[in-house]
Amino acid sequence: MSVAAGADPEDGGEDPTGFIMHHIKDSHEWHFFNVGHTHVTLSLPVIVYSSDRGLEFFSSSDFQNHETHTFGEEYAHEGYFIDSHDHLGRVDGASFIDFSITKNVAMMFLVIGVVLIVVLSASNHYKKHGAVAPKGAASIVEPIVIFVRDEIAHKAIGPKYKKFVPYLLTLFFFIWVGNLIGLLPGAANLTGNIAVTATLAVLTFIVVNVNGNKEYWKHVFMTPGVPVPLLLVIVPVEIIGLFTKPFALMVRLFVAITAGHIVILAFIALVFIFQSYAIGVVSTLMVTFINMIELLVATIQAYVFTLFTAMYIGSAVAEHGHDDAH
Amino acid sequence: MLTSILLSAGLALMGAGIGAGIVAIGAGLGIGRIGGQAMESIARQPEAAGKVQTAMLIIAALIEVVSLFAVVVCLLIALNAGGIAF
């Protein structure tokens, strides 16, 4: 944790777009708040692997101007620099792989820690006491697990649902806890990062297609009951459909969470732009109201992602007699 | 030359703004319709109110996200077109 004095680059009134983007985007340092001109930030490690220099560890504070506390190409350190868009670059332009613990990665570790603590303490309760009424952490985990298992997995997948319940539970808890913690002030925008949602969508794509049975693949490549000339049109559409479904999952979660954060930040920036008490009061009420809506959206988006994943898995493993009126 | 750059950037920004407004109309119509039909069905059968309300919230979230797809496109236009003008 570092507390550094410096000029304030993110005054919301001067540059509302920059203020909003700074809070939405990923970064190599975790900026909590400013007290006057002092920045309270956590400088995160920068880990790079390059084929000529091997694995190297730095702290992101090495790449900063210590007075103004900003990044820039000119503050290079040992051949690397972080430019004003928070991208790591190399002075001589050679290629490297960036394994840094950025703000989103650190946030992901935090979310993983919280989920593991809650779920493992619940499962410990059952290990110690057997199948009894839940107490403690188990009493919040059990209704959610039963909900995901019965209402989502069993209803959408059918008889073979047991195999997929762990994956669906992981998705639900990770997305839900990630969304909720991301709404706290000072937290990073985890599920509003398209890389994170893309990874979740890729995992869903893998789970659905690896578990597809013969009927599922026949439906994609040799759709039954379709005359051959139309098949030339239908099959590419079905193949594209294989990819658009996880793509929609990815964009839906990303957009819902990011837009929520942007609206909240825009209302806060409004106070800095107008600099009036009346706007401050109204804006704070709006921000509180929208935060409540965002809590609801966090839960609903986790539920929708899990439900749609379960529905796609269900269509992949479905075994039913095909009728001609399909 | 300068006026043609500024004109296209201005038109782009105008397009982004109008687009976002139309998106809001679309989302409002869709969610309003869902809400209205939910109200009607609750009035017809008050015992089903819980189920109807749950389904309404979920579908409202889905429609809202479609409007947010378009808002992201408008934001991208606005943030990138404004930069070109300078």
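The backbone N, Cα and C atoms fix where each Cβ goes, and this holds for glycine too.
Annotation comment: TrEMBL describes B:6-34 (among others) as transmembrane segment.
The domain 'V-ATPase proteolipid subunit C-like' annotation in TrEMBL covers B:14-77.
Residues annotated as transmembrane segment in TrEMBL: B:55-79 (among others). Tertiary proximity for the transmembrane segment (B:55-79) is limited to same-chain residues at least six positions away from its ends with a CB under 8 Å from its CB atoms, namely 12-13, 15-17, 19-20, 23-24, 26-27, 30-31, 34-35, 38.
A helical conformation is recorded for B:Glu64 (site 'Reversibly protonated during proton transport') in the three-state DSSP classification. In sequence order, B:Ala27, B:Ile31 make up the list of same-chain residues 6 or more apart from B:Glu64 (site 'Reversibly protonated during proton transport') whose Cβ falls under 8 Å from its Cβ. Taken from TrEMBL, the feature site 'Reversibly protonated during proton transport' applies to B:Glu64.
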For the domain 'V-ATPase proteolipid subunit C-like' (B:14-77), the number of residues DSSP places in helix, strand and coil: 63 helix, 0 strand, 1 coil
